[in-house]
Amino acid sequence: MQLVIAAVGHKMPAWIENGFGEYAKRMPPDCRIHLKEIKPVERSGSKTAETAMALERAKIEAAVPKGARIIALDEHGKDVTSVQLAQLLTQWQQDGRDVTFVIGGADGLDPDFKKKADMLIRISSLTLPHGMVRVMLAEQLYRAWSITQNHPYHRV
């Protein structure tokens, strides 16, 4: 199973890239995390947030591997604990479909894209920088994997 994080945004600071890379490299070969950066649509006076989200939607859809399960990160998504994420990871590994986590741009994700997603989850009730969400998601995926393996990284 391949885990993909499709994230709108590019040119992240080194500390974001290093943090993400640290957790991504800890994952086993059969459960690697791959990052697909999506260049955001430039905001200008003539473009509404809705227009920008629709244009980004097309780029996001192009980045999602065919047949992948889509998990959209959204502030109104379901709260998921680390243990629940581990249970989901186990289910996903058993069905063999790749999983793509989608992090939207500055205005969020297009409403039609969210309707199409297999699941909406949120990382936090707090508003976070999108780069930080990449790091936190990679850490939580590593934690979920460690829970499934009874690895000592996760302590209850």
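Keep in mind that glycine also has a Cβ here, set from the backbone N, Cα and C atoms.
According to Swiss-Prot, G104, I123, S124, S125, L126, T127, L128 bind S-adenosyl-L-methionine; the candidate from L35, L55, L73 that the record adds to this site is L73. Comment: S-adenosyl-L-methionine site residues L73, G104, I123, S124, S125, L126, T127, L128; largest CA to CA distance 16 Å, whole number. Counting every protein chain shown, 25 other Cβ atoms lie within 10 Å of the Cβ of L73 (S-adenosyl-L-methionine binding site).
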